[in-house]
Amino acid sequence: RNEIWCLIAYRGAPNWFITFTPGDISHPISLYYAMTKQKIPISVPMKDECRKLLIQNPVVGARFFHFAVNLFLQHILGVNSDHLGVYGKTGSYYGTIE
C-alpha cells in the first residue's frame, strides 16, 4: 500500500484507474496453454471441459494472466512500445495482484 501512496506523492493523483481481470476459463489462448501438445480446436470445448483442462494445470492461469496483462500494457497503455497508448502518453502505472 505504501508503494501506491509514494507514487501518488511523486506523480500526483491518477487521472483514472482500471481493474483488469482476464477471463481465463473460456479464452482460446488459455486453452492453448492448457493443451500444450495439441492444436487449438476450431470449436472451443464446453465450459465445463475448459474448466477441467485449466484446473488440471494451475500454471495455465498464471501464464495466461501474464500474457494478457503484458498485451494490455503494451497495446492499450503504450508501455514499452513505439506508439502512444489509447489514452495518450502513459506517465506511470501501478499494478497489484491479489
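Glycine too: its Cβ is placed from the backbone N, Cα and C atoms.
When the domain 'Helitron helicase-like' (1-98) is classified with DSSP, helix, strand and coil residues number 45 helix, 2 strand, 51 coil. Marked as domain 'Helitron helicase-like' by TrEMBL: 1-98.
The average pLDDT for the domain 'Helitron helicase-like' (1-98) in the predicted structure is 81.
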